[in-house]
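If you check Swiss-Prot, you get these features:
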| type | residues | note |
| --- | --- | --- |
| BINDING | 83, 182 | heme b b562 binding site |
| BINDING | 97, 196 | heme b b566 binding site |
| BINDING | 201 | ubiquinone binding site |
| TRANSMEM | 33-53 | transmembrane segment |
| TRANSMEM | 77-98 | transmembrane segment |
| TRANSMEM | 113-133 | transmembrane segment |
| TRANSMEM | 178-198 | transmembrane segment |
| TRANSMEM | 226-246 | transmembrane segment |
| TRANSMEM | 288-308 | transmembrane segment |
| TRANSMEM | 320-340 | transmembrane segment |
| TRANSMEM | 347-367 | transmembrane segment |
């Protein structure tokens, strides 16, 4: 068995990635989220595949086909709610994974980090297009509002929007192409994940101390396979409680009303995992400025390696930057709350303040606190 594991050209790759992989001996549970994201991706692809067998991407029948899945298909309700809530679990794991990367300075592994940002954009695009498919009120108006943002691009904007729509409004052509893209993107994401892992295994994992762990490595199996399995059990437990007891807790009631182009919902808002970016978009009165801020809210992650001023990699022994980091987390929670609120006083000013704080913390405060800590510890 050992011979096959180490010699067979295909099994050898799996062996070097998940069995004999040298891993730091001190990585905490914050390093579990990579495997949990892999599990989420598998769940989403499998449930999505079964949904696609019964779904019809036509404006006249899309809403009815989803109702048919829930009412008439064997365990269709379970597959549908697993897919919808699986997206939420995916994003919870994603945000924790990125948050871990920022806290422990994992962004210094540039290729892995940049690949992760591309993955984040790809997953967000997939989730957005998936939200359009049930063809409820929020699906239709969400698609209209978000795609319409592209019209802010100078000169080519309007043409670009009509090209994406396949007409002069969100209609049958838009739904069909969104279904096609929503189907293909997870497989592209799977390929990108493999590249992400390839880059990670070039350098090896980071660790909570932020020190070189080459002198103290342990095999991935059995230590981290067992540890990851515990994480998997906890995730599945939380996932099934959410899916079976509170299936609609994270959804929007407006999406149980079929899409009607003549009737606008009182508050157009995306799924909860986009609310922070949506709040940043809305906090800028100018359309183009809002779109740029929206893109930058994610793209700013790519600047993090260049904004790292500290001589230490992680925040483990850096109390000043630690405090600023947790203020950033609180700020993101405030933005998420504001994104779901109507555009009126006092939410407008809170959203604008939180948006300014978000960029200020990342671009100005964290680099400055890094330099202050270097001075305090005489690390210059």
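In case you wondered, yes, glycine gets a Cβ from its N, Cα and C as well.
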Here the binding-site residues are 83, 97, 182, and the Cα closest to that of the residue listed as 'ubiquinone binding site' is found at 97
Review point. How about the transmembrane segment (33-53) and the transmembrane segment (288-308): at least 3 CB pairs under 8 Å, pairs 6 or more apart in sequence, or not?
Key: no
Whole-Å Cα distance, residue 83 (heme b b562 binding site) to residue 196 (heme b b566 binding site), is 24
Counting only residues at least 6 beyond its ends, the same-chain positions whose CB falls under 8 A of a CB in the transmembrane segment (288-308) are 98, 102, 105, 107-108, 110, 113-114, 117, 120-121, 124, 149-150, 152-154, 276-278, 280-282, 355, 358-359, 362-363, 366-367, 370
Relative to the transmembrane segment (226-246), the stretch among 77-98, 113-133, 178-198, 320-340, 347-367 with the most Cβ pairs under 8 Å is 77-98
Within the same chain, the residues 6 or more beyond the ends of the transmembrane segment (113-133) and with Cβ under 8 Å of it are 48, 55, 57, 62, 66, 87, 90-91, 94, 98, 101, 106-107, 139-140, 142-143, 146, 174-175, 178-179, 181-182, 185-186, 188-189, 192-193, 195-196, 199, 270-271, 273-274, 298-299, 301-302, 304-305
Long-range Cβ contacts under 8 Å made by the transmembrane segment (347-367), restricted to residues 6 or more beyond its ends, are 279-280, 282-284, 293, 296-297, 300, 303-304, 307-309, 321, 324-325, 327-328, 331-332, 334-335, 338-339, 341
CA pair residue 97 (heme b b566 binding site) / residue 182 (heme b b562 binding site), Å rounded to integer, equals 23
All chains considered, the count of other Cβ atoms within 10 Å of the Cβ of residue 182 (heme b b562 binding site) is 21
